Amino acid sequence: MMKKIDVKILDARVGTDFPLPTYATSGSAGLDLRACLNEATVLQPGATTLLPTGLAIHIADPQLAAVILPRSGLGHKHGVVLGNLVGLIDSDYQGPLMVSVWNRGQDSFTIEPGERIAQMVFVPVVQAEFNLVNDFDASVRGEGGFGHSGRQ
């Protein structure tokens with residue numbers, strides 16, 4: 001299913017010096033977001049910073065949201081992950097897309113202008129209404145929680 005989302009370019013380099021977000025393959029779920037920087041930024045171990053993407057979006061459809069997720073290679077190879085672990089973009093948000101990055105590694109990491117720093121995935125939204133009850137209908141699982149089914 002293809003859905004049109006309004007995107008506003010906040011930095012003139014997006015679409016020229018830095019590519020617009022695109023899906024890398026026909027099976028890709030995420031669009032890569034890039035650091036829209038004027039110069040390289042060094043992220044020291046333990047430090048966090050907010051990086052601009054040069055974009056603003058307005059999803060507009062209350063049945064959709066976007067999540068900002070880390071890129072697997074940055075976290076696994078360099079220890080650079082999202083500062084808030086996952087970013088949530090609500091359908092009515094219209095401001096700039098910023099990415100919080102955290103260097104949880106032992107070494108400093110340099111982020112170059114235009115570097116891919118995160119990925120954005122659009123997800124369906126179901127707004128729930130709570131129904132207050134005194135008890136639940138019994139299920140096989142019941143109240144079994146963390147690790148209740150064993151390791152093997």
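Glycine is no exception: its Cβ is also placed from the backbone N, Cα and C atoms.
Marked as substrate binding site by Swiss-Prot: R71, S72, G73, N84, L88, I89, D90, M98. With a cut-off of 8 Å between CB atoms and residues at least 6 apart in sequence, the same chain places nothing near S72 (substrate binding site).
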Listed in sequence order, residues with CB under 8 A of M98 (substrate binding site) and six or more positions away: L50, L51, P52, T53
Three-state secondary structure, M98 (substrate binding site) (per DSSP): strand
Residue among binding-site residues L88, I89 with least C-beta crowding, 10 angstrom cut-off: L88
C-beta crowding around G73 (substrate binding site), within 10 angstroms: 10
Structural state of G73 (substrate binding site), classified by DSSP into three states: helix
